[in-house]
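Reviewing the structure listed below.
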Amino acid sequence: MPETKSSVSTLEQPETKPKKVGFVSLGCPKNLVDSEVMMGLLATNGAEITARAEDADIIVVNTCSFIDTAKQESVDTILEMAGHKATGRAQKLIVAGCLVERYRNEIQKNIPEVDAVVGTGELEAILAASGIEPRKSEANSPFVILNSTSASQQLKSGIADRPEGAAREEAGRFARTDWDGAVADLPNYLYDENTPRVLATPKYMAYIKVAEGCDHPCSFCIIPQLRGKFRSRRFESVVAEAERLAKQGVKEITLIGQDTTCYGEDLGLKDGLAQLLERLAQIEELQWVRFLYAYPNKITKRLLQTIADNPKIPKYMDVPLQHSAANVLKRMKRGAHGDIFLKSIEEMRRVIPDLTLRTSFIVGFPGETEEDFNQLCEFVKAAQIDWLGVFSYSDEEGAKAFALDEKVPPREIERRRKKLMSLQKQISKKKRKALIGREFDVILEGPSEETDLLWEGRTAMHAPEIDGKVYINDFAEHENVEPGQVFRCEITEAHDYDLVARLL
């Protein structure tokens, strides 16, 4: 009789040696924080975390399923890690994250190498899934930092009872009743300052998730079903976590959430994000406190003024606009249009003269006509945005847009994506050239991946991992420099997305 697989499995007998657990974390920084929480839970209960899958007794793949390419990468990675059960020492393969919320039964049925699954709302179940007994933590701090930057880079590059509360019978954007294996409950897990984390980022920076879930009705998105309703962490909890991180040597904190500009609304806070930024900027040890993912109509005057007035808050905003044509935005259930966005951008730049603006657009959304796309191109020319990402529309079953007609052919979607990226490349090149001769603080990230003769870093204009780099070539071999140090530099060269600088 074949063995029946459950979403949480336990070992019959405990092992005397600590189990080595390897993690592969895919997707966005929000997913990375989930991985850090699961690693923290494992580490404080006796497991040893490794970045080398070939050395692991247990392998965990934390998946993304936001778009088709992310789903495919997740499946490919699961299959790759499954090979370690056949050829290496790995005894158990656990799949976690968004893919589990969407395809729980299918994963267990079609990938027999998978021993357990852990959804986004049940991170604490990673202990039972790994066969590790909970024990009282003896650590004074809930944070552990991986021993080396290279180890954290390897981690990110790919190597019971559900704690979700009472069942919710939601319709519309929260409906999960037709999902394969999805439980009736929406995820409602939210970590706090006492939750252990193993930081997978370099020791000088960290992400803090200030909220989870999303209430926006965007028709192309299934995040509300994957992550649940929007819910903010307590103000004091975020501050306590930031203070503890700063005492451990973290210099740059990035606040993240599906929509950080909604932070605190569910707690009754007005301008919650602005208040939080103001408070965190008072932490002496921190160099920068930035945030990502601002919803366009949630940006307040106080938030803009807070960014403008505080030197510790980078003059940088990531505001995903998704499109500029009113017709497309209406079908996306986003509202507004290009003229409104241009006025908003004008106001942002008036209050914050040196603002660096990042946004993202979706091309090929159902019903996007050639005229709509041309409007988007004209908007990009007019807005002169600093950093821009372009995504090809991905038809996601479960999203409202899945049922829309007037689908754009894949070849046409790709043509539009390339055209818009080509247009933005010229804008980016011009904006980078305008920086030559200007001086900036640069936080060092380490020797360049291209050559040991160069060091690479970021200015406040560069968010971690998503924007360009600053290359510095005048460090003497004998100089004792370390990642995380900040140097004043002058920009000497500009390329399409990257800069070259010299020390001052």
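Including glycine, each Cβ sits where the backbone N, Cα and C put it.
Annotated [4Fe-4S] cluster 1 binding site per Swiss-Prot: C28, C64, C98, in sequence order. Under the heading [4Fe-4S] cluster 2 binding site, Swiss-Prot lists C214, C218, C221. Annotated domain 'MTTase N-terminal' per Swiss-Prot: 19-135, in sequence order. Marked as domain 'Radical SAM core' by Swiss-Prot on the basis of sequence analysis: 200-430. Sequence annotations record features per position, and here Swiss-Prot assigns domain 'TRAM' to 433-504.
Structural mapping of features recorded in Swiss-Prot.
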| residue | record | DSSP (3 states) |
| --- | --- | --- |
| C28 | [4Fe-4S] cluster 1 binding site | coil |
| C64 | [4Fe-4S] cluster 1 binding site | coil |
| C98 | [4Fe-4S] cluster 1 binding site | helix |
| C214 | [4Fe-4S] cluster 2 binding site | coil |
| C221 | [4Fe-4S] cluster 2 binding site | coil |
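Near C218 ([4Fe-4S] cluster 2 binding site), with the C-alpha within 10 Å of its C-alpha, lie none of the binding-site residues C28, C64, C98. Set side by side, the binding-site residues C28, C64, C98, C214 differ in how many other CB atoms lie within 10 angstroms of their CB, and the most is found at C98. For the binding-site residues C218, C221, the largest tally of other C-beta atoms within 10 A is found at C221. The average pLDDT the prediction assigns to the domain 'MTTase N-terminal' (19-135) is 90. In this structure the C-alpha atoms belonging to C214 ([4Fe-4S] cluster 2 binding site) and C64 ([4Fe-4S] cluster 1 binding site) are separated by 16 Å. Residues of the domain 'TRAM' (433-504) grouped by DSSP class, helix first, strand second and coil last, total 1 helix, 30 strand, 41 coil.
Helix, strand and coil counts under DSSP for the domain 'MTTase N-terminal' (19-135) come to 59 helix, 24 strand, 34 coil. When the alpha carbons of C221 ([4Fe-4S] cluster 2 binding site) and C98 ([4Fe-4S] cluster 1 binding site) are compared, the span between them is 13 angstrom.
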